[in-house]
Amino acid sequence: MKSVEGLRRAKLSSLSLRRFSTLVSKSTSPTVPITADVLRESVTSSQWQFIKHVTGELNPTLISATLPDLRSSPERVLTFIENLSPNCLDISCYCLAISILSRLPSPKQATHLLKQVIGARLASRSEMFDGLVSAREKLELKSSIVLDLLVRAYCELKKGEDALKCFYLMKQKGILPKVETCNDLLSLFLKLNRTHLAWIVYAEMFRLKINSTVCTFNIMINVLCREGKLKKAKEFIEHMQCLGVKPNLISYNTVIHGYCLRGDFEGANKIFETMTAKGIEPDSYTFNSLVRGMVKQGREKEVSSLLEKMKLLGLTPTAVTYNTLIDSCCTKGDLEKAYLYRDEMVKNGIVPSVVTYNLLIHALFLDGRMAETDDLLKDMSEKRVLPDGITYNILINGYCRAGNAKKAFKFYDEMLSRGLQPTIVTYTSLIKVLGKRNRMKEADDLVVEILRKGIFPDLIMFNALIDGHCANDNVERAIDTLNEMNKMNVQPDEVTYNILMQGYCMKGKVEEACMLLEEMKGRGIKPDHISYNTLISGYSRRGDMDDAFRVRDDMLRAGFNPTLLTYNALIQGLCKKQEGVLAEELLKEMVSKGITPDDSTYLALIEGIGDVDSFLGRKDTS
């Protein structure tokens, strides 16, 4: 029962609140100062409109004074914070609010606010930690859960370094992190493929005497599998048992999956037998891994017996099972068998997933059967399977390679309308097809659009742009693109320079191409046989045969043997200058080196020396 004094205070606070509400309705700003008591009553009474109205009059000191009085109403604190202007909150306010929220049965609200504060960069990692320590002391909280949640928030944001630093700060304060917090860290470093950091955390757990759970062991087994240490992963299961922790299905599935990824079906099968002998029943994941391992070894014929075994145990093959088989068939180019598996999964009542369709669509493009993709898309629509980003990327890339810009851009527009993002590979494909269609203005506009989205072109995209401009007789714009690459710190390679050199040579500007060769050498980029052949072709087309042979000699000194292209360029150049004798000598040289002349060689010779047949039958009298 409430005391008389307590009832009186409650009544006065209620009257004060009503008085303020009346003032708010009559005036745009309060004329009576707001106290922590009034603010607390506003929150407990859910007077959110009032709080929104007076937020401009509030400050961090008042909020910090109010929050401790709300520790008994943690479920209202997040709404209170959300209704306040950020200007009246500082890191101390946020830390108090987060600490109060950490008292709720579910950690979701506290973690959500932590992630918001971290994302907004309102404080450094150490300021966040110290702020939460101070808030915990001010609220007289015995639990250290709020510091564990800080580590979790960093883990969920994939900020591994920050999470680990906070882990060590807890250790320095003599606060023992919960095993779940350690598991969050281990799991993050596994996902980030930073397994050495996972081992550091695991060693710290041992030093701090934090007992590992089955979840901890399973993560570390996964770490060992990721590192390719399958034998040690297998031994780790035995180590668990020695420590009194019973391995579960996930423990065995992880090792089985590891063996199957390596293509060691026998090793996976031994773990499977050990698992079943211990009374642990396999699940669909187990069999999916075994199917993958069997397929990797090229033992598809034995898969049917494995599927039968699966059915005997009351397990149904899943879409993942069939997708593994379909993927194997598509990789081998056996589309008919892939379709048979698709039909079988439908017959068994399994709806093909978007992955199934993606595999088949990709295989059709590789096989040049683009017309059939429309049937698959129609089938997807009928089965209400929505295309994902991968579907659209396959379609766009496929039609770009086929030179069908219209259809590629149709799917590109459709993809954007659905809020899906193309990959940088897809954008590069679009740029290539625009280049082939002499639409480089659109290609440049597309790059501007990409940059607006915060996507920076990579080397391959820049090379596609440069190639497009050179192919469309605009070497100057291609050189501008090279300069843009330099500004963006994207290093060109030999492909970049070869394209530019070809562009200059096609315009007869071989000297400029030679300058590019020297530039690439100066940047530490080693010219290849294409670089030299480009210059040889450029000089030969122009009839500067002395320079062409000089570059050929440079090519030999660089350790590159002449190719069919080298000989063809030189022979064509000599024949144009009516130097048939030298052309004949080159033909003999190329044949002696095992290089077979092609149509271009013979056409040049016909032009230069006339009767090639009699020449070929002529004996060497030298």
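Just so you know, glycine gets a Cβ as well, placed from its N, Cα and C.
So that you can see what the record holds, here are the features copied from TrEMBL:
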REPEAT    143-177  repeat 'PPR'
REPEAT    213-247  repeat 'PPR'
REPEAT    248-282  repeat 'PPR'
REPEAT    283-317  repeat 'PPR'
REPEAT    318-352  repeat 'PPR'
REPEAT    353-387  repeat 'PPR'
REPEAT    388-422  repeat 'PPR'
REPEAT    423-457  repeat 'PPR'
REPEAT    458-492  repeat 'PPR'
REPEAT    493-527  repeat 'PPR'
REPEAT    528-562  repeat 'PPR'
REPEAT    563-597  repeat 'PPR'
Non-local residues, at least 6 beyond the ends, that sit with Cβ under 8 Å of the repeat 'PPR' (458-492): 424-425, 427-428, 431-432, 434-436, 438, 440, 443-444, 447, 499-500, 502-504, 506-507, 509, 520, 523, 525
Spatial neighbours of the repeat 'PPR' (388-422) far in sequence, C-beta under 8 Å, 6+ residues away: 354, 357-358, 361-362, 365, 370, 373, 429-430, 432-434, 436-437, 439, 453
Three-state composition of the repeat 'PPR' (493-527), taking helix and strand from DSSP: 26 helix, 0 strand, 9 coil
Helix-strand-coil residue split for the repeat 'PPR' (458-492), DSSP-based: 26 helix, 0 strand, 9 coil
Structural state census, the repeat 'PPR' (318-352) (DSSP three-state): 26 helix, 0 strand, 9 coil
Distal contacts, the repeat 'PPR' (283-317) - CB-CB under 8 A, six or more residues away: 249, 252-253, 256-257, 259-261, 263-265, 268-269, 272, 275, 324-325, 328, 345, 348, 350
Residue numbers, six or more beyond the limits of the repeat 'PPR' (528-562), whose CB comes under 8 Å of its CB atoms: 494, 497-498, 501-502, 504-505, 508, 510, 513-514, 517, 520, 569-570, 572-574, 576-577, 579, 590, 593, 595
The repeat 'PPR' (388-422) - residue tally per DSSP class, helix then strand then coil: 26 helix, 0 strand, 9 coil
Stretch-averaged pLDDT - the repeat 'PPR' (563-597): 87
